[in-house]
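Asks: Dumping what Swiss-Prot says about this protein:
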- 1-19: signal peptide (SIGNAL)
- ASN64: N-linked glycosylation site (CARBOHYD)
- ASN86: N-linked glycosylation site (CARBOHYD)
- ASN104: N-linked glycosylation site (CARBOHYD)
- SER203: active site, charge relay system (ACT_SITE)
- ASN249: N-linked glycosylation site (CARBOHYD)
- ASP311: active site, charge relay system (ACT_SITE)
- HIS359: active site, charge relay system (ACT_SITE)
- ASN451: N-linked glycosylation site (CARBOHYD)
Amino acid sequence: MKSYLILNTLLLSLLKINGFSKSSWFSSKTSLIFDRINKLNDPQSSNSIHSRKYQYFQLKKFPNSTNVRCNDGSIPGYYTRPSTTNCSKKWLIFLEGGWYCFNNNTCESRRRTHYDLFSSEFWSSERQLGGILSNNERINPNFHDYNSVYIPYCSSDLWSGKQLEKTNGLYFHGSRILDTVVDDLTQNQHFKKVHEVAFVGSSAGGIGVLLNIDRLKRRLKKKLKRKVFIHGIVDSAWFLDYPAYRQSNCTHIYECPPENALRNGMKLWNPRIPRRCKKFQGRGREWKCFMGPVIYRHLKNPTFIIQSLFDDAQLQMSKVPILEGGSNKKFSYIQQLGGFAAQTLRQAKGVFAHSCVDHEILTKSNWAYVSVNNQRLHETLNYWQAYLEGEKKKIKKKVQKNPKLIKTGKSPCKNLRKPKFSGNIDQSKYQLIDSCHISQITSYKIQLPHNRTLSRCANAIPLIPLCNPTCSPLSHPISGLSMSFIDLLELYNVRINLIAKSLGISMEQLRKMNTQQQISLLYCSSR
């Protein structure tokens, strides 16, 4: 916009110097130049990707007559932003995350400290959202050209509540809100042409996807009277049924193990749990269906899992916040927890799991560029998309007997983005789980004093937080400075200085090495 103003001013100045005015000779041909510049740079221009229409999500609240409510009784709604490609028939529906509450105390605390997750009273009429909801191709290579829907979270029930009436003075309408959004979208003329819907969610929103995706597909089919290809992307919602490091009295949401919190929460929420999972788990164990490793095996629609092996929320619930530090025993527990997460994720058809300490990855501006084994997340999703294209073809073959289900007419759109890959894709390309393989690290040549060399290592070592060099750095709890892998070990009383001394190197030399070199040296060097 600034460049346009400068150009405009310069052109006008030059014309005035030469005796021309905007109303004379200039007004014929030269005015066309200014008109085009204005159109390209006008933030309200319908053809500009920078226009407000394509940059901001617009709020649509449900009418007062609707029978869905946020916790406090206010009317919920959702935000939409059209694709910059007017022809796009692909939609991304994002479910917001934000923990939950499970009794009167935790719900009251939520009302006081996170009111926007409790009520729609102060929701803005428009929002600019980033991460996987950005329309910037650099930030969001995979979904920047999708029509996008953002559903704010105000039910505190992991998107599961179905009871119409209040419970303890509060509404828990999570699954009912999703039904209402889907029903409202199917009245949208643009949405009626939809070919593909990606249900995406982070944290509590990811659990919402796992619990509702199959049911919402059935609802869409019924409303549109045809099949639509549905798939899911679940971020930071693979919570584990794993013994906590220490016991807790469960008075605070961040301190309560999943089983205790979910058992209590279900009494408030009256949740809608997928029938297949509920039946498989049996009476009294339905709470397990909120756990990623349990519900995933019952899903009918392809769902891609994105997870930090050392998920920050999981560490809190397991009583081992990473920056709290502690003993070697505690660090060993953290490693075992990460290893268990990796083991359970192997069942996922599509997965990207890095050994970082992170949570809600898709909402960050750098989400696409986190890597595992030198393959970035957005590249992994490209391979997954190629796999999905194969699944779409299977669906088309099944409905060919009824041409009305697939006939869409000639499309005026010739330049729609196509999948980057096609044909048979090696499954390992969209199943990436970090393992800190030493064999991938020892390619570094490290010069040690006294002719010391790297010994032959085992194929893998126990998982280590931050062993992935693309992890976002942690901030030291005291200094606030970015922490290296070495700093993290020192936080757990590992005497790095003694190890360095035994290897004949200084701490300064050790700190100058990158993460992979440090791991290789500390875990593989002969002493």
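From the backbone N, Cα and C atoms, a Cβ is placed for every residue, glycine too.
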Asks: I'd like to confirm something. Which of the recorded positions, ASN64, ASN104, ASN249, ASP311, HIS359, has a Cα closest to the Cα of SER203 (active site, charge relay system)?
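Replies: Nearest in space to SER203 (active site, charge relay system), counting only the recorded positions, is HIS359.
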Asks: Could you tell me the C-alpha distance between ASN64 (N-linked glycosylation site) and ASN249 (N-linked glycosylation site) in angstrom, no decimals?
Replies: 41
Asks: Say you check the Cα of ASN86 (N-linked glycosylation site) against those of the recorded positions ASN104, ASN249, ASP311, HIS359; which is nearest?
Replies: HIS359
Asks: For each of ASN104, SER203, ASN249, count the other CB atoms within 10 A of its CB; which of these recorded positions has the top count?
Replies: SER203
Asks: I'm trying to understand the geometry here, so how far is the Cα atom of ASN104 (N-linked glycosylation site) from the Cα atom of ASN249 (N-linked glycosylation site), in Å to the nearest whole number?
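Replies: Each residue's Cα considered, ASN104 (N-linked glycosylation site) and ASN249 (N-linked glycosylation site) end up 15 Å apart.
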Asks: ASN64 (N-linked glycosylation site) has how many other Cβ neighbours within 10 Å of its own Cβ?
Replies: 6
